[in-house]
Ligand SMILES: Cc1cc2nc3c(=O)[nH]c(=O)nc-3n(C[C@H](O)[C@H](O)[C@H](O)COP(=O)(O)OP(=O)(O)OC[C@H]3O[C@@H](n4cnc5c(N)ncnc54)[C@H](O)[C@@H]3O)c2cc1C
């Protein structure tokens, strides 16, 4: 392709959450300058899981023009305020929150960790620094019925039905944003003389040409993986989970509580996610096949479900999923960029996959290549940024295992002790002397901020006697005590005024959400 050739036609291959989210984001901002086509197969299923989002999804929905009311109603969605981790630090009677809102004082760079350590036996870290922890205890929604769309009393994301979400995005992209849809199977990828992709060949539509190709074909990665042979960097030595069983479970009754955080409960060979939607719960066990087979995992999952007072569904409805945790050595090669599972996937912990799709799509629209020569520069910068991000996600996920004192199986012993990335080892050493702060991480737009590290570190029971001297010498006690008090006052106010997730969602079904 000539270096000055303009990029006018984009072909997105694959219509899962990655394909349709990317199509919407791109079309909402660039449809006047580029023609956007998406090809999806009617025969190859989407992965059909991925039901927890980050708060970034509010911004994404607003940007692409889907109202919050429509999204909630169409996707069977509920409000998510963070994650609860049960029995990760030890095998029994332990839980902590990683809420989405920042710890009080964090934005002002006030160290709340050192003073909290002096009272840590009375209150856990999340409840000391975030009202959101109290609201999660009571399954509260993060917003009032009168709040305008996408606004709330705390930072929040969503739980959703993945199939319904992809359907809504598809409808929005094709009916409102002008994305052209081709339903067909891609059977071949054709290269040109410069090594770029010239076209994909599909069974019924023949050759489909474009200037830029976006590989959203999931773990198949037809373009970047199969055609360009860009290596998959497996991270299984660090994060051993490579399998999952997922199932949909009915609520015990129509008025059952809808938890406002993802509940992640550690198991002998992995962990179980539990996501409550208005009509059902999505529950699954992700585990390491090196230590556990599907039958054992299904049994442990069924036990979890019945322990929750729910009826275990028929064994035939348990969906088996296999994946190889990792990411591609490059995410953008020549005129092809991979977004979604084709680019990478580590494991469901902390729901970092959809947000990587949102970040990739955002980067693409912020730096949309106008010509082929610009594309080379954008590709290099994209690769540097996203390879860095994959490494930081690995660090953060590994942190959850490294800090565990579970000793019940070889799985936990290995996950805790082996193959800890050097960057994480250094941070853990640093944090023995000082609590995590913004400047400990290299980028201003880190996927996981120092606040998230604080929640997980201190939720898991990490402690240091070295911080306390700093607190007693330097910190203004009055300011700190006022901030701690602010948290409990805010928590009490919210407990008195915020509806439960269930009540708010019922209200939204009847009255919608104000858009102005
Ligand atoms: C167990 C598990 C739990 C997860 N939980 C979460 C979570 O809570 N939060 C989160 O953010 N993420 C989660 N994820 C990740 C999330 O599911 C994915 O990132 C997301 O669904 C995007 O998938 P995708 O669109 O890349 O791939 P897919 O959904 O697999 O879509 C691939 C698309 O490519 C099409 N395709 C493939 N081959 C061809 C062909 N030859 N021709 C035409 N089309 C083709 C398919 O038809 C399909 O439309 C989870 C993943 C797993 C495995």
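Cβ atoms here come from the backbone N, Cα and C positions, even for glycine.
Per TrEMBL, FAD binding site is recorded for 15, 16, 17, 18, 186, 350. Sequence annotations record features per position, and here TrEMBL assigns active site to 80. Residues or ranges marked as 7-chloro-L-tryptophan binding site by TrEMBL: 80.
Among the binding-site residues listed here, namely 15, 16, 17, 350, 350 has its C-alpha nearest to that of the residue listed as 'active site'. Proximity of residue 350 (FAD binding site) to non-local residues of its own chain (separation of 6 or more, Cβ distance below 8 Å) is seen for 83, 98, 393, 396, 397, 400, 448, given in sequence order. In the three-state DSSP scheme, residue 18 (FAD binding site) is classed as helix. Among the residues 15, 16, 17, 18, 186, 350 said to bind FAD, no two Cα atoms are farther apart than 33 Å. In this structure, 15 are the recorded positions from 15, 80, 350 whose C-beta falls under 6 Å of some atom of ligand 1. Sequence-distant contacts (6 or more apart, same chain, Cβ under 8 Å) of residue 186 (FAD binding site) comprise 13, 39, 41, 200, 201, 202, 217, 222.
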